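The annotation signal peptide is assigned in Swiss-Prot to 1-32. Residues annotated as heme binding site in Swiss-Prot: Tyr36, Cys56, Cys59, His60. Residues or ranges marked as transmembrane segment by Swiss-Prot: 286-306.
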Amino acid sequence: MKTKKSYDKVTRWVTPPILMLIIIHIITGACSSNAYPIFAQKSYENPREATGRIVCANCHLAKKSVEVEVPQSVLPNSVFEAVVKIPYDTQIKQVLANGKKGGLNVGAVLILPEGFELAPPERISPEIKEKMGTLNFQNYSPSKKNIIVIGPIPGQKYQEILFPILSPDPANKKEIHFQKYPIYVGGNRGRGQIYPNGSKSNNTVYNASVTGRISQILRKEKGGYEVTIENISQGRSVIDIIPPGPELLVSEGEFVKADQPLTNNPNVGGFGQINAEIVLQDPSRIQGLLGFLASVVLAQIFLVLKKKQFEKVQLAEMEF
């Protein structure tokens, strides 16, 4: 009989930078337990696809919620807070790259309108700095300062991430206008299920590659399993490799069908995205509005005074 091992490999055409990132991810998985934003930065020029989908969802297959808080409107050349919330139960543990259990990390991507960018340190107030803590933000790329990423960072401490944002000034940038703009947000908790090269992580379910009977389950010395499936119709046996982490659901002698789960799905995290809107407000419009409101108030005051004066005249005429 022929023996075939069906497992995921990093193919030869993978570029050295991506290969290095994957190696780093495996080595440091115990402490950095969710996918790195740099994976998306290296693989995609823009993190938001034409369909509106943020590319982080290509590796983080489970859908989870995310929230964002931004002001309804901001003035030009001003610093404001954009708060991304990534809620999850901090009591749960996830499978790390070494197969052990550990806490979840979180990460986020904030896609701002053109012209909006991360506020420089000298423009950030002490109050905002105190709220931010020691967070380290970075631009998605040198040419995309309006896209900001962060992570992985400890989810236990940072379920709320405060981004200090500087609004643009149309007086200095002619392509910027006073209007309503969209903001796109992605937030993740936990590790991904797929690496950028398409191979599986150990944070996902593993299925049978063929239909047949399980003839042997070999527990590997460093964790994980080799599951041998006898495929009678094809006259061969196939060995499915299961890395440390997922829990085995099958036993020797059991008959399985192709694509039937051999393990549980250990993933407890997921990715979510949400949209928001913000208005870049013209200061002159605010001044005009204040002037209008002041005129309305004055008109009301004069109307009340006039009414009282008229009542006094009527009262005097009645007494006369």
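Please read every residue number as a count from 1 along the shown chain.
Note that Cβ sites are derived from N, Cα and C of the backbone, with glycine treated the same way.
Following the DSSP three-state reduction, the secondary structure of Cys59 (heme binding site) is coil. Once Cβ contacts within 10 Å are tallied over all protein chains shown, the binding-site residues Cys56, Cys59 are led by Cys56.
Neighbours of His60 (heme binding site), defined as other CB atoms within 10 A of its CB across all chains, total 26.
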